[in-house]
Amino acid sequence: MGLQAPRGTRDILPAERIYWQQLEATARQILDRAAYREICTPIFEQTSLFERGIGEATDIVGKEMYTFQDRGDRSLTLRPEGTAGVVRAYIEHGLYSQGGVQRLWYLGPMFRYERPQSGRYRQFHQLGVEVLGSADPRADAEVIALALDILKALGLEDVTLMLNSVGDRDDRAHYRQALVDYLTPYAADLDPDSQDRLHRNPLRILDSKDPRTQAIVNEAPRLLDYLSASSQQHFEQVQSLLEELGIPYQINPTLVRGLDYYTHTAFEFQQGSLGTEGTVCGGGRYDHLVEELGGPATPAIGWAMGLERLILLMGDRPKEPSPVPHLYVVTRGSSAERQGLVLAQQLRHQGYIVEVDFSGSSFKNQLKRANRSGATHCLVIGEEEAAAQTVQVKWLASGEQEQVAQADLLSAAGRSRLFGEQ
Ligand code: ATP
Ligand code: MG
């Protein structure tokens, strides 16, 4: 059998990459306008960062990490998510000492050992934002609003914002006890994963997809009823800000994020048509993570979007025509070939997209390829043109053509006459 990409990974071929570029450009523009700045952290980190930052009782740390020993016998892990690395960098570089709020975003591959299916891979990509240093509910509303702006700009119109509050640590400790007390008599009826979580991470049982467990959970005490007055107030402020921003939401009392460090606001954007893989964005507040990883107490909030799922939903959007003329250079004969390459480089320096045919085949075959390439114009240099230092400019759409001096093509006036303003 031939070589194949590892299970759960996929190649993004040039035709699909166009959509990725569009997605990235859109996100970058929206985040730039809100003064978020890009950060890149390593693709692998010390395993202990994720154990401490995500939590040992989570699925990610428990069974999804790609962990290995390097040749120096260090335990390293391919990052399963972006937040832990960003927080590590924030602490390591003392970004908190720059005062004020840090608004950061990142984009890159993440790795989780999961059962691959449509919209679920072992290497996938996330775009994420993190706002560090503000406990203000406006930060919660701002990150949610930006996520929605990005989803809408990509053409996802019918996404639903699901919202919940998981309170603070104290609220959760009280609730956790009430939940365990309620669930214990039903322990034998829970699905095996949930039985396992009953004492390790009972809140995650709320998230179970098993119908029998769900039926039991539906009657369970609600986390929202255990919020302290200040948690309650934060949650109400977030809701009223969303209303002022005109952002509809649904409260989902069983929405709990899978990561231990979340506090207060938890949210997801869901798109109906993707089924269980319908969550395109998930996030929430994590007011204790920075401190848990050794930094100063710093409230924070963020989200991450799964880009493969977004690309699936962006669907077959028409390709936007390139605003820059795209030239295809066809040559025949060694002197013409050399001139063609030099001319191409000079035109590229002027900002044109220039593709050179290296096949050495007949004019007819090269012209066929020019037509398939998506180019707007073909530049033809044969032996006669090479001798006279000229070039035939051919408009591929109309077939019209004109002979011009190469020097003319390289003058600003000549180029703008032939190809329009650059
Ligand atoms: P799920 O419940 O679908 O497993 P999650 O809670 O594990 O999601 P997060 O850790 O919050 O997901 O990651 C944020 C987003 O990243 C998800 O909403 C999803 O769009 C995407 N994502 C997560 N895991 C994968 C994966 N294995 N393949 C593709 N996208 C993923
Ligand atoms: Mg998951």
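Going from the start of the chain as shown, residues are counted 1 onward.
A Cβ is built for glycine as well, from the same backbone N, Cα and C atoms used for every other residue.
Fair warning: this is a prediction, and the values are worked out from it, not measured in the lab.
The following features are taken from TrEMBL:
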DOMAIN    1-325  domain 'Aminoacyl-transfer RNA synthetases class-II family profile'
BINDING   GLU81, GLY82, THR83, ARG112, GLN126, GLU130, ARG257, TYR261, TYR262  L-histidine binding site
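Shown here: features listed in TrEMBL, placed on the structure.
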residue: GLU81; record: L-histidine binding site; DSSP class: coil
residue: GLN126; record: L-histidine binding site; DSSP class: strand
residue: TYR262; record: L-histidine binding site; DSSP class: coil
* Any idea what the model's mean pLDDT is for the domain 'Aminoacyl-transfer RNA synthetases class-II family profile' (1-325)? -> 91
* Check the binding-site residues THR83, GLN126, TYR262 for any whose Cβ is under 6 angstroms from an atom of ligand 1, and report them in sequence order. => GLN126
